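Student: Swiss-Prot feature annotations, pasted as is:
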| type | residues | note |
| --- | --- | --- |
| ACT_SITE | D319 | active site, 4-aspartylphosphate intermediate |
| BINDING | D356, E360, F389, T390, A391, Q392, T393, R394, M395, S396, K407 | ATP binding site |
| BINDING | D530, D534 | Mg(2+) binding site |
| TRANSMEM | 35-55 | transmembrane segment |
| TRANSMEM | 64-84 | transmembrane segment |
| TRANSMEM | 225-245 | transmembrane segment |
| TRANSMEM | 266-286 | transmembrane segment |
| TRANSMEM | 600-620 | transmembrane segment |
| TRANSMEM | 628-648 | transmembrane segment |
| TRANSMEM | 671-691 | transmembrane segment |
Amino acid sequence: MTKRKLGMFDAELVKPAIVDSFRKLSPSIQWRNPVMFVVYIGSILTTLLWIQSLYGEGEASSSFILGVMLWLWFTVLFANFAEALAEGRSKAQAASLRGLKKETWAKKVKAANIPENWDNRPASELVSATQLRKGDIFIAEANDVIAADGEVIAGVASVDESAITGESAPVIRESGGDFSSVTGGTRVLSDWIVVRVTVNPGETFIDRMISMVENAKRQKTPNEIALTILLVALTIVFLVVVATLLPFSMFSVAASGSGSPIQITVLIALLVCLIPTTIAGLLSAIGVAGMSRMMAANVIATSGRAVEAAGDVDVLLLDKTGTITLGNRQASNFVAASGVTEAELADIAQLASLADETPEGRSIVVLAKQKFNIREREINSIGAQFVPFTAQTRMSGVDMNGEQIRKGAASAIQKHIESLGGHFPQEVLKAVDDVSRRGSTPLVVSQGTRVMGVVELKDIVKGGIKERFNELRQMGIRTIMITGDNKLTAAAIAAEAGVDDFLAEATPEDKLALIRKHQSEGRLVAMTGDGTNDAPALAQADVAVAMNSGTQAAKEAGNMVDLDSNPTKLIEVVETGKQMLMTRGSLTTFSIANDVAKYFAIIPAAFVATYPQLEALNVMHLSSPSSAILSAVIFNALIIIFLIPLALKGVTYKPLGAAALLRRNMTIYGLGGLIAPFIGIKIIDLIISVI
């Protein structure tokens, strides 16, 4: 997606965020965050106490109450600012998407007039894209902007999707395959396609993207809800504790005959400093930023729930082709069966591949031409009928002169031959095993009931993929390779790539069964898919990343869409989810650890007049009780601002196991949360004493 990269504190983001910070002071917005709502109420109470002090009836000096009041309001505003800044980044992304929506016209045709070729195209009616409805059909030719999301039902065209994906390389969109989905706002570069509209106005992919990224009423994720409950429970505990301090203070003064009861302003300051305001103020920003980071990676998540689930994933199902291997298998050798010459095998293999537009099919045609000078033939001129590949048959080929010529997986061809009453030779099975053990893919070719031999397809594992899988393994994530190859080929590639397990000769039903098996054992499963046959498994998976180049059914079944249509992106999705959970956990640890230092600052200051012995707890040697309280309140507010970059950017991602992550978290953010307030409060106290 083409967009200018904004800095974290870019003026375009900061100015609206400041305005939104004040707009969010509305009680209807504040009560959604229970912890910060307590600070909000405390700010109102101290404001009333300050107004009272102006008339000479205050419990403390008006300047002290004013200082506490202002910094309590700043605490609320800083939390609002963190959330508004995160939302602002999403809104900026939505604005760039909205810029893609331009006035577009469509060449609408009647359903009965779908052309088989461009020369026979019917007359079309020029209508505005806003008039198109689900089920309508339009034609798009070179230089036309595709008017709406839809499925290609005829033709093939080169399409520029850079407006959506940011990738300048054009993509091919054609009918009848897994690359039939087109997106409104993209442009046809060459040839023509007939498109059936799959959405109504306002429901397009871009509309849904805009809605997802700028939706202010973001649904809380389960972990976020659980953490909120914990924070509310802590707040209630501290509220009860602070509420008991007033009668305790009054009793202590009466019993000791010295000092004065604790002031309401001090109690409010103590409560605000003790409750977990840091994480409460940043919690929403962390969630929004997580979705924003996904979008920066060109992945659109339907909800924060999907991003969070990615962080909890235990099992990754990865398609071999395009994810683990480069996906451009090339024919490299012909292994003829007994009684068949290599040239005869090449001839039949080429016939089976004439109408096969896959890279593998085209490479077979080219290899036959290079090795034996077998020229390509026009499939219609030789009276052949193409039989396309399906996930169920796992074969393709042609029917010609009453004979079935097929190529496909060994098990599929064996089943096909035996169904026709033929015999599958043992030497061919041995050739299949030999090819598989080399890590190549064997395609068996047959003519009628006769097995002609094996075509060897070489596959190349992506560089660095083994190291990525090792990182995932350290994090406790199990990787499973999904492939249609036979078990020997799958085992060879799985060993080379370093995956934990593999599923060979996989059908859509096998994928679905595997997902359900792992889920029944309490694991979360992530997978990618692009075809209609992937839709059931995508719908079942906890994290389902659909390819933007895939079918409409796949995109509707998934809870994320990868605009780059890169299956390897699933690993990045999981890492981003992990980073969001790590950030939330780290800042929660830091926030709770903060309370210890604030306790040493405020408790002695609040009761030292009554109990001078408490001066021993003033380990920071703060200059005065009022300065100590004010310093703690100021630090409590400023730490939110200082942690905003960490909340938005996320903590540094490390591929570690749960125990190692916990140790790292406690060392950096637990110990850091203990030490930082002692230093910060002391520095602020020194500044106040100078002023």
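Just so it is clear, glycine is given a Cβ too, placed from its N, Cα and C backbone atoms.
Remember, predicted model here, so these are calculated numbers, not experimental data.
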Student: In whole Å, how far is D530 (Mg(2+) binding site) from D356 (ATP binding site) when you measure between their Cα atoms?
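Tutor: Each residue's Cα considered, D356 (ATP binding site) and D530 (Mg(2+) binding site) end up 19 Å apart.
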Student: For the transmembrane segment (671-691), what are the same-chain contacts with Cβ under 8 Å, counting residues 6+ beyond its ends?
Tutor: 589-594, 596-598, 600-601, 619-624, 627-628, 630-632, 634-635, 638-639
Student: How many other Cβ atoms sit within 10 Å of the Cβ of D534 (Mg(2+) binding site)?
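Tutor: I count 28 other Cβ atoms within 10 Å of it.
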Student: Long-range same-chain neighbours of F389 (ATP binding site), Cβ under 8 Å, sequence gap at least 6?
Tutor: D356, T358, M395, S396, G408
Student: Going along the chain, which residues six or more apart from D319 (active site, 4-aspartylphosphate intermediate) have their CB under 8 A from its CB?
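Tutor: Looking at Cβ-Cβ distances below 8 Å from D319 (active site, 4-aspartylphosphate intermediate), excluding near sequence neighbours, one finds M481, I482, T483, T528, G529, P567.
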Student: Tell me which residues of the chain lie with their Cβ under 8 angstroms from that of T393 (ATP binding site), as long as they are six or more apart in sequence?
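Tutor: Once residues fewer than 6 apart are set aside, T393 (ATP binding site) is near G408, A412, H416.
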Student: Compute the C-alpha separation of D530 (Mg(2+) binding site) from K407 (ATP binding site), stating it in Å without decimals.
Tutor: 24
